[in-house]
């Protein structure tokens, strides 16, 4: 077998001190080789312990602007599936969005040869085509120890022959970047006689979240993150708030005020609402709660979350660096729904009297376990009750036939 590694360009991965990223001595550097685009990059270094699912993770908008470290020792061995193939709902069949969102990836060992029946190209070719930096030959165990101790950190990947990047702080308008620029419409299958109508607030939604809604019999209208959702909410059977990247306070002047208005509208008190990940955090902020930054976040496919209402443990898929401060939730409104059994952080909240709940983890889980996919069924049960209560009063008058059928960038 040819020694591809020996001919690959040399590269360096540097992790900077959180307290003083501009210091020339305040960093740890690792030597490796480049197998992605021949460009250097900088971003916030985070790590995932997921064993599989690198194509899904790299196309998850929640990772926008970050450098993703994989703890799985060998990455790339099953290649990359088609980014064009779509399912019956016109959703991407294998990826979570049309393009890679991570700024760079760090692996211990890159698999120069791949094999899988869905693969159409190698991970290296994909990264090069998408202009994404990728470095291999890195001691990722040592990297994770650093990130575990000092938290998610400014970092750089420098490729031989490319410019030398400077560490930068996380961007602040990430949701604005990844959100659809105009509403689009995803239709349920024609075999569904009376589909529900869901308004989805796109803060960086994954394809599989939309799929989990439409495959259960919902027509989904996806709106930009800053859309005045209250103006159309009475036309829908439910509101959904998606996942997304970055600090939730970046949406304090956009999504949060709209959600607050939605929660306070008297005629919409019975309207079902479901939020996931960033959507959970934004719902908490709109309700008067606060969020906190975690040291190194939770990014894995095997994190136990306890349902505080039943005592049942769910094994969950997670990807977040912030969490809701459960002690700041208003006593008269929400109560904790799930708790992380590893670090005891909040994993969800549920309203004491209204059909509203949210989770920090990803029940749609692609990749990852499907233990908590039943939460989508619970959401649909809430919409069934809402439809029975409101009857013909809830009618979609928005002209969905004039909308796009996929994300608008």
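From the backbone N, Cα and C atoms, a Cβ is placed for every residue, glycine too.
According to Swiss-Prot, the protein carries these features:
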ACT_SITE  277  active site, nucleophile
ACT_SITE  362  active site
ACT_SITE  364  active site
DOMAIN    197-389  domain 'Glutamine amidotransferase type-1'
DSSP three-state assignment (helix, strand or coil) for residue 362 (active site): strand
Across the domain 'Glutamine amidotransferase type-1' (197-389), average pLDDT on the 0 to 100 scale: 97
Pairwise CA distance, residue 362 (active site) versus the residue listed as 'active site, nucleophile', rounded so that it is a whole Å: 7
Cα-Cα distance linking the residue listed as 'active site, nucleophile' and residue 364 (active site), given in Å to the nearest integer: 11
DSSP three-state assignment for residue 277 (active site, nucleophile): coil
Candidates 277, 362, 364: member of the active-site residues with the richest Cβ shell (10 Å): 277
